[in-house]
Amino acid sequence: LNGCLSKELQSNTNRMAQFQEVMRQQLESSMYADLEKLLSTAKGAEAEVSKKDFEGFRKLFHRFLQVKGPSVEWSKINRPPEDSIQPYDKIKAKGLPDNIADSLNKLVVVKLNGGLGTSMGCKGPKSLISVRNENTFLDLTVQQIEHLNKTYNADVPLVLMNSFNTNDDTKKILQKYRHHRVKIHTFNQSRYPRINKESLLPVAKDMAMTGENADVWYPPGHGDIYASFYNSGLLEQLIAEGKEYIFVSNIDNLGATVDLYILNHLVSQPNGKRCEFIMEVTDKTRADVKGGTLIQYDGKLRLLEIAQVPKAHVDEFKSVTKFKIFNTNNLWISLSAIKRLQEQNAMDMEIIVNPKTLDGGLNVIQLETAVGAAIKCFENALGINVPRSRFLPVKTTSDLLLVMSNLYSLEAGCLTMSERREFPTTPHVKLGSSFTKVQEYLTRFESIPDMLELDHLTVSGDVTFGKHVSLKGTVIIIANHGDRIDIPAGSMLENKIVSGNLRILDH
């Protein structure tokens, strides 16, 4: 009887698998038919670009339909071997070569510039938000590279990976850098169709990007850099110019400057042992528990993101003791290796399924990938544990307050912690919802407070700061609903809690 039952079960399992495979194939052919319909509405040069974009989307969608459950088996996760994550001091100890220009001339700086400033209440590309002395993220990036080129008589170009959201505005602003000593190139991320969560088919009805089609497209995460860089022709052009490596980072990470010691480590490797990929990691704090980390998996160094972790192990993933480091998304990658992997169709990155709800209430998903996830495809990949100062992202106005303050000094586009601060950690700053939008945040500070001796600042409610305020130790300011607190000009708050109502009225 048992034998009969197990045969029956096996037969049912096979039938189920066959049924699922038929359903998958039907879904895939419906998707392809819809994509062809969309392409038929594209005009001129757009048709050629969209065709390449959709080829990438098809591959991603095909893989999405194949994947079952989490992309990692928790029991197979190991800590990376000791030598696979090098301390920065060891890399720095090698010193620098006599001719730094030779190394720099092999380098291209790539900034991920696809994001909008909407989370900070700004229209247009995030890179055009002013962060320090009227300088935008893009201004600071150009100043940094120009300083390198002038100092070492080098030719390091800047490449911006734009998205369809940021391309037009960015190109307009690039005019102002024409007389700077930096060659600037741009290419566009792919444009993929958002998928209806129920039907798993595109929401778009044609290739238009306005009107009812305004929110049916998305840029598919920074993992798209490999395909779109290759498809743009720029990768080939830079290799032909003798460039060997790209240094990739988010444009809003003000700590991601060209590091000559890491560059020297890359270009000084013997040919057979050339390192094709370096990921800068840094020690995790409680603020970074969601950041991706490096693991050893199937004999390869691999990036593990929180989205890939089975629910039962999320707390373990967030632990600062087991996973001590996280990915800064500052990456050094071989151009020839990207070319090889693209041509072999061997670039393998885990799919991130990102659910969204459109303004009309429609639930959609967008399929994305992360640039660091490709680390497992490259030869001799390495992590370098860098100082925290190389990770200075500006995601919120709380971050903006830090970088605008006297905690940092600005020189040649680079922000460095002020020598006048006695301890190297950055204060913990938490500004409430009244400060979320940049314009509103700016009206609440007559001048940025002195924060050299600050450890922790929490501000909540309707609060404004007069000129020349000084904040030290732990400062908590809470205006309850309907109350307002004006911190008077020249105040010095040290280890203080301010609450209730404090109005300074002109008479």
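The backbone N, Cα and C atoms fix where each Cβ goes, and this holds for glycine too.
What TrEMBL records for LYS126, GLN189, GLY221, ASP252, LYS395 is UTP binding site. Taken from TrEMBL, the feature substrate binding site applies to HIS222.
Features recorded in TrEMBL, as mapped to the structure shown.
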residue	record	contacts (Cβ under 8 Å, 6+ apart)
LYS126	UTP binding site	GLY115, LEU116, GLY117, MET120, PHE137, THR166, ILE251, ASP252
GLN189	UTP binding site	GLY114, MET161, ASN162, SER163, PHE164, PRO219, PRO220, ASP224, ILE225, SER228
GLY221	UTP binding site	ILE352, ASN354, GLU368, THR369, ALA370, VAL371
HIS222	substrate binding site	LEU112, GLY114, MET161, ASN250, ASN329, ALA370, VAL371
LYS395	UTP binding site	SER119, ASP252
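Over all protein chains present, the Cβ of ASP252 (UTP binding site) has 22 other Cβ atoms lying within 10 Å.
Across the annotated binding residues for UTP (LYS126, GLN189, GLY221, ASP252, LYS395), the two most widely spaced Cα atoms sit 21 Å apart.
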